[in-house]
Amino acid sequence: VSDINRRFRVMRLTSAFLLALPPLLSVTVRVRVRHYSSTKLFVAGLSYDTNQPVLRDSFGQHGEIIEVKVICDHMTEKSRGYGFVRFVSETTAATACKEMHAQILDGRRIQVSYAHKG
């Protein structure tokens, strides 16, 4: 079962639960659904020396990459310590997320998670 199917199953169960609430309850319930990109990863904890080719090489071991972006300060052009990696498929992104999280890259332990859709 893919990660997307699991998310929708949880939303369906939540919706069914909310519909079953007694109408006498005067409680406003808001369901906030967060959207995550299933092929784009957020990479935090990067060394300020880590550049896009280094990030592409280290994550490229896990599959074909569409885009790599290290976020830099617009004034100094130095890395801000985080970036994004977009993979061709959900499977390769999931593998890279699992395998690269908490690994050492350029002397720093990085954190890898799915990127939020903006």
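Residue positions begin at 1 at the first shown residue.
Heads up, the Cβ atoms here are built off N, Cα and C, so glycines get one too.
According to TrEMBL, the protein has these features:
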| type | residues | note |
| --- | --- | --- |
| DOMAIN | 39-117 | domain 'RRM' |
Restricting to the domain 'RRM' (39-117), report the mean pLDDT as a whole number.
96
Please spell out the DSSP helix, strand and coil residue counts for the domain 'RRM' (39-117).
22 helix, 33 strand, 24 coil
